[in-house]
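The following features are taken from Swiss-Prot:
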- Leu132, Gly136, His137, Leu138: (6S)-5,6,7,8-tetrahydrofolate binding site (BINDING)
- Lys241: N6-(pyridoxal phosphate)lysine (MOD_RES)
- His240: site 'Plays an important role in substrate specificity' (SITE)
Amino acid sequence: MNDLLPAAAAPAGARALPLRHADPEIWRAVDAERQRQMHSIELIASENFVSQAVLDAQGSVMTNKYAEGYPGRRYYGGCRHVDVAERAAIERARRLFGCEYANVQPHSGSQANQAVYLALLAPGDRILGLDLKAGGHLTHGAHVNLSGKWFEALSYGVDPVSHRIDMDEVERTARRERPRLIIAGGSAYARVPDFARFRAIADATGALFVADMAHYAGLVAGGAFPSPVPFAHVTTTTTHKTLRGPRGGMILTDDADIARRIDAAVFPGLQGGPLMHVIAAKAVALGEALQPGFRAYARAVIDNARALCARLAEGGLSIVSGGTDCHLGVVDLRPWGLAGNAAERALEEAGITVNKNAVPGDAASPAVTSGIRVGSAACTSRGMGPAEFRQIGDLVLAVLGGLRDGGQAGGRDAVPARAAELSRRFPLPY
């Protein structure tokens with residue numbers, strides 16, 4: 001009869017079963033994903049491999065706890081232990097990025113940006129961000145996003161030759177349009193933004209300057225990439241990507257008034273209960289980033305990205321902006337007559353994961369694109385170095401070369417085995 005009981009009425013022992021026995025379908029999906037991560041080359045720039053400690057914290061009993069509010073100011077009882085975790089995350093974020101205030105509750109980078117808009121803008125205000133096809137992010141004013149629907153979104157681009165942000169265009173647009181908010185950062189821009197000039201332009205035009213460092217926060221934490229925090233009124237970030245933590249968001253500022261407004265925007269303005277198991281995992285990841293070894297990791301990420309981009313360029317591929325200053329590179333496939341979606345598909349069949357990506361001046365649809373984005377953070381976490389990334393570059397060239405020459409999945413015969421062997425040499429800890 002017990003197998004007919006609803007879950008809530010099932011014996012306590014049934015609820016103690018491990019996933020493998022409690023829900024075999026989902027266990028198989030989870031294990032298959034673990035195997036995929038273990039045996040493939042991960043080049044998606046926004047992905048990384050967290051530590052076992054981060055996994056442990058995120059899978060902990062803190063997922064059971066509701067904790068609306070902030071440490072010491074909760075709307076629920078029984079929060080003394082989750083308060084320890086959130087306070088630790090806040091203090092570690094402040095130490096790591098050298099700021100006065102940190103809100104660690106946003107569920108994602110997108111919600112961190114939304115909270116900033118809610119705190120600092122009124123509907124219809126003007127915002128100025130990097131154009132999506134030039135490497136910007138949806139939440140910086142794309143017309144399909146809330147940021148482009150609720151606000152008057154303007155964009156700046158990159159120089160058509162150097163593919164670097166045209167700061168003169170930023171200044172001209174800001175002086176002419178007088179945006180309330182200027183945003184620096186993106187999801188596919190490989191160079192260091194001029195944070196000092198962004199702030200100067202904002203000050204000269206009466207705007208607030210927001211830096212979105214979601215992609216390079218870990219590089220900033222490791223001292224390998226300039227920090228926007230001293231220049232921006234507000235800095236937003238994710239806690240995964242190069243920071244190598246759980247999926248989530250965070251907001252940093254040195255301004256007490258802005259901090260109060262952001263806290264109110266996050267809760268109760270945008271979110272209800274924070275995800276305390278995720279915040280605990282954020283604290284763990286931030287603690288890891290404070291360790292001396294993380295600085296070596298951050299430097300290695302950039303060295304590896306440069307090695308990969310250099311090898312791809314040597315093989316005849318066009319790298320947007322000619323290289324990279326961070327963990328990612330964008331490959332313009334138009335000279336090879338390839339579409340981004342076809343390249344993504346062929347590489348995945350060969351055991352190499354990338355994402356299709358728009359390139360400056362792209363006429364293709366977002367579902368097709370004319371480029372791919374590659375990144376080094378994940379494979380660097382596995383211990384790979386420049387020599388391995390040059391090998392990865394050779395594998396990518398073999399696949400795309402075969403595709404260009406007429407094969408639907410170029411390099412199908414040779415590349416998968418080589419990619420799998422490289423993965424086996426650098427196993428994941430789980």
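Just so it is clear, glycine is given a Cβ too, placed from its N, Cα and C backbone atoms.
DSSP classifies His240 (site 'Plays an important role in substrate specificity') as coil under the three-state reduction. A separation of roughly 16 Å, to the nearest angstrom, links the Cα atoms of His240 (site 'Plays an important role in substrate specificity') and His137 ((6S)-5,6,7,8-tetrahydrofolate binding site). Between the CA atoms of Leu132 ((6S)-5,6,7,8-tetrahydrofolate binding site) and Lys241 (N6-(pyridoxal phosphate)lysine) there is a gap of 19 Å, rounded to the nearest whole number. Apart from Leu132, Gly136, His137, Leu138, the (6S)-5,6,7,8-tetrahydrofolate site neighbourhood in this chain, defined by C-beta within 8 angstroms of the site C-beta centre, holds Gly129, Leu130, Asp131, Gly135, Thr139, His140, Gly141, Ala142, Asn145, Gly186, Ser187. Here His137 ((6S)-5,6,7,8-tetrahydrofolate binding site) comes close to Gly129, Leu130, Gly185, Gly186, Ser187, Asp212, Ala214: these same-chain residues lie at least six apart in sequence, with C-beta atoms under 8 angstroms from its C-beta. Within 10 Å of the C-beta of Lys241 (N6-(pyridoxal phosphate)lysine) we count 28 further C-beta atoms, all protein chains included.
Of all the binding-site residues listed (Leu132, Leu138), Leu138 has the fewest other CB atoms within 10 A of its CB. When the alpha carbons of Gly136 ((6S)-5,6,7,8-tetrahydrofolate binding site) and the residue listed as 'N6-(pyridoxal phosphate)lysine' are compared, the span between them is 16 angstrom.
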